[in-house]
Amino acid sequence: MRKAPFIRIPYTGPLPSPELYPRNANTIPGAVAALAKFLTAPPSPTLQDGVADPQSTVVLSGAGISVASGLADYRGKNGTYRQNKAYRPIYYHEFTANHEARKRYWARSFLGWTNLHKAKPNAAHYAIKDLGDMGIVRSVVTQNVDSFHSTAHPNLPNLELHGYLRALVCISCHNELPRGVFQESLAKLNPAWAAFLEEMIQSGAIDTENPGERMSKGMRTNPDGDVDLPGAPYTTFRYPACPHCLVNPPVSADGTKTIVEVDGEGAWIPPSTAGILKPAVIMFGESIPSKVKDAAEHAIDGSGRLLVLGTSLATYSAWRLAKRAKERGMPIGILNLGGVRGEELFFQNMPIGQSGEAGVRVEFGTDRVLPKLVDQLRRTGFAKSPEQADISNVTAEQHTNSKIFKDMLS
Ligand SMILES: [Zn+2]
């Protein structure tokens, strides 16, 4: 066990209102100009030696970038849960220890998946693809579990710090199962819920991206893609066992054989001691695997600057990466609506009169700014600049990095 485990926990302290850098970045054109300067400036004199690609930028993204895709943000401006004040995410220990908690989780997740599955990356994700193609962005570290980054820019290295919802992983044997397959199993095991889901789809409660409209139809959606249905009989919900463990119950650490039992239709039942499937996300209270943590640090260390997009850095794992960047002398740019945890630290000792090269703090939605930023960089002929040769090297290296990420995570 590590001395300081990298555990995903929500941060609930109040967040200060942001101070903008540079001062004139309070309009969209001002923000675009500052970010263009930030991304194209020569490597900062404060940057530590030995950075693989000091001219490049690493992106750290969060829930705010997916809001324009119709997914809810976790937090409002005061750092409180924006959408549903009563919402509290499930903790890893509750999920693994408690059959009833799992029923409740899967019932809500069953209803929420349709909406999440339908949602698509937005203009901000595609702007990051363009910045990658230009050789400006070298890699992405995301806290999001919606797979939008990998969909929008499959060739740009992308590290999913908190895992992904597109698959499940068995707690016992660690095999993965695609979420689509699992969703079909849930529908078969829970025909009444499947009928209700169908009804919600027909009524438009699931289709609408308007939370108010959804709530008026008796439904609340939370950021992890689960749905809150007041008064629903969660205790009747059934979920399948891991198909691998069902065939071959694993041997536990003390050498005893585990039990994996299902009812007549294949639903996991309580005498079982293994074969529990969980979403392939890092739940709150769960440790981030050291391979993922190392890969994230590697991504930060390989670039000369950090661009933080749509996140309040509320989770310690993400905040620590930004702090690491600061300690390495990397200029930091933040594009986020609302305050960011400990942001004053990132903008200490900003040179007077800097126009973005030493740091940027702007407060707009990512989908409003990033596409304009790409246009601006194209207009100024950035892609045709004398650094063209370097850019092609970066692109070649990006593919190598993709492999590194794969190796580190396999
Ligand atoms: Zn298993």
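Each residue, glycine too, has its Cβ placed from N, Cα and C.
Since this is a predicted model, take the numbers as computed values, not measurements.
Copied over from TrEMBL, here are the features:
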DOMAIN    42-380  domain 'Deacetylase sirtuin-type'
ACT_SITE  HIS162  active site, proton acceptor
BINDING   CYS170, CYS173, CYS242, CYS245  Zn(2+) binding site
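In the three-state DSSP assignment, the secondary structure recorded for CYS173 (Zn(2+) binding site) is coil. When the Cα atoms are compared, HIS162 (active site, proton acceptor) and CYS170 (Zn(2+) binding site) turn out to be 16 Å apart. Neighbour counts of Cβ atoms within 10 Å were taken for the binding-site residues CYS170, CYS173, CYS242, CYS245; the minimum is at CYS173.
In the three-state DSSP classification, HIS162 (active site, proton acceptor) falls within coil.
Same-chain residues with CB within 8 A of the center of the CYS170, CYS173, CYS242, CYS245 CB atoms, the Zn(2+) site residues themselves not counted, are ILE171, SER172, HIS174, ASN175, ALA241, PRO243, HIS244, LEU246, PRO250, VAL260, ALA274, GLY275, ILE276, LEU277. CYS242 (Zn(2+) binding site) falls within neither a helix nor a strand when secondary structure is assigned with DSSP, and so counts as coil. Over all protein chains present, the Cβ of HIS162 (active site, proton acceptor) has 23 other Cβ atoms lying within 10 Å.
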